[in-house]
């Protein structure tokens, strides 16, 4: 074991309180599965009693999906230098189809391991990776197609249901019918349904055997809509400690997966620290690191360098790879008349390689070789859209859709190897063209999960692209996209800071939830109903705690009404005490109850009383004060 020197250890010894304190008004709970070591974490929002004025009943706690891992659990001991507990290690080992390696398989990984100059940044706890036994396939899709329900599948089913069976209040269970556009939305998610969806290719459960710390989650249009957050250092910004904190910050606010897009120094070591401390799946774009290995000269990339990079990252524990195998030589000329050309970093790297060699993309020609690597570690494909439109003028053009058709072809090839696969999508698309993207993806790619960046619905709002894209994200999520890649306010302008990450995640949590409401996902309206009930009953703290960002809600409220007494007030600063619509509604109800009449009759009687007062006072519209 290599002991990291003091500087990095000091930086990572303690995360800031802002990223580790419990979510206000919530506590961590664990839902027991069928075996002792299967406990599914959730966040339980503790609610206060309804005031006597409104009936005086207790409000039971509400369970919600939680991505924050142990970082918001005051009972958990966090040691970044040791990493998280290997939750899935026993599940992986007991299947008997993997074995620990005696040494790293990647030549680059071995070189880093023996380079003493890296001791200052190396993750201190060394662990040898596992790999599939000779001839074995260790993907969740392979198990699913053999009829096996794994512990990971049961974990996912429990997690997706969010203890909906505990909600018995008819007011909270009320839900509008949804429009799911042909999706097979279930009233209750069972482990068998999870297995069926993975076997069919309509969902993926990204869980590399070398990332046993991860809490199983699922991506598919028949499940809750997920969001991804991007982190990563660059040549000009941020170090390892900052990236680990950014990871924890991202999952605190709801990042279901995190992509490490690092392009600066110490990519390998940064990724080690991130994966060992991540309870959510980690994705990467391996071509970025491969390019670093040839000093940024795309034309010098080779299959051998890329293959070694895939194995290096798979043995670290990366759960899904963005692979731009659909950028074909014949599609590159189709981008020549675009307004913004090729905007994907990965797409431009592969296009440059194709043109430099006048050969077909080596990721395409070696695709089945890549599948062999993926199924030996259970890494999922995220087939990259290297020709996505970079402005709305280029949306839905021949280059974009040509690549999508090729991704459909590659999906079927990946499924032949039982490799889990999702498809990446645009980009910049005006609202009227969004559904065409979703419909074509479902048709071409056999309903494999769609994973989209937005799309941004207009190009005129630099600094606000978390909003322009959340509009498109909500729409395409409703139409069937399974995971939404967040966009921050800094998109097109610079690298996001911590506040930008939070703003981007919040915009996308809203979009994902709005999509689930529109699809009619079972129980998804419970939280809305609970918050609305709390709002009507002036339970201010409950309103804050039921929101996606309790801290921001309380901060805004307290800007104008900061005292504790204001948390009991039957008004807010918007309307004040005399014009609160909800207070007036309650006054009508009280009048009706006092006089033993219906609310409609109460309104009529109240109008008659006011009419009499008006006439008695002289029937003057304006009176001297």
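Easy rule for this one: first residue shown is 1, then count along the chain.
Positions of Cβ are set from backbone N, Cα and C atoms, glycine also.
Features reported for this protein in Swiss-Prot:
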type    : residues                                                        : note
BINDING : 230, 259, 288, 324, 344, 345, 346, 385, 386, 387, 388, 424, 451 : substrate binding site
BINDING : 428, 492                                                        : Zn(2+) binding site
BINDING : 572, 575, 580                                                   : [4Fe-4S] cluster binding site
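Taking the features listed in Swiss-Prot, we show where each one sits on the structure.
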{"residue": "230", "record": "substrate binding site", "DSSP (3 states)": "strand"}
{"residue": "288", "record": "substrate binding site", "DSSP (3 states)": "helix"}
{"residue": "344", "record": "substrate binding site", "DSSP (3 states)": "coil"}
{"residue": "386", "record": "substrate binding site", "DSSP (3 states)": "coil"}
{"residue": "428", "record": "Zn(2+) binding site", "DSSP (3 states)": "strand"}
{"residue": "451", "record": "substrate binding site", "DSSP (3 states)": "strand"}
{"residue": "492", "record": "Zn(2+) binding site", "DSSP (3 states)": "coil"}
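Of all the binding-site residues given, namely 288, 451, the one with the smallest number of surrounding CB atoms inside 10 A is 288. The highest number of surrounding Cβ atoms within 10 Å, among the binding-site residues 346, 386, is found at 386.
A straight line from the CA of residue 346 (substrate binding site) to the CA of residue 492 (Zn(2+) binding site) spans 16 Å. When each of the binding-site residues 388, 428, 492 is scored by how many other Cβ atoms sit within 10 Å of its Cβ, 492 comes out lowest. Taking the C-alpha positions, the distance from residue 388 (substrate binding site) to residue 428 (Zn(2+) binding site) comes to 8 Å.
The maximum pairwise C-alpha distance among 230, 259, 288, 324, 344, 345, 346, 385, 386, 387, 388, 424, 451, the residues recorded as binding substrate, is 20 Å. Of the recorded residues, residue 344 (substrate binding site) and residue 492 (Zn(2+) binding site) place their C-alpha atoms 12 Å from one another. Here the CA atom of residue 492 (Zn(2+) binding site) lies 20 Å from the CA atom of residue 451 (substrate binding site).
Straight-line distance linking the Cα atoms of residue 386 (substrate binding site) and residue 492 (Zn(2+) binding site), rounded to a whole number, equals 17 Å. In this structure the alpha carbons, written CA, of residue 428 (Zn(2+) binding site) and residue 288 (substrate binding site) are 23 Å apart. The number of other CB atoms found within 10 A of the CB of residue 344 (substrate binding site), across every protein chain shown, is 22.
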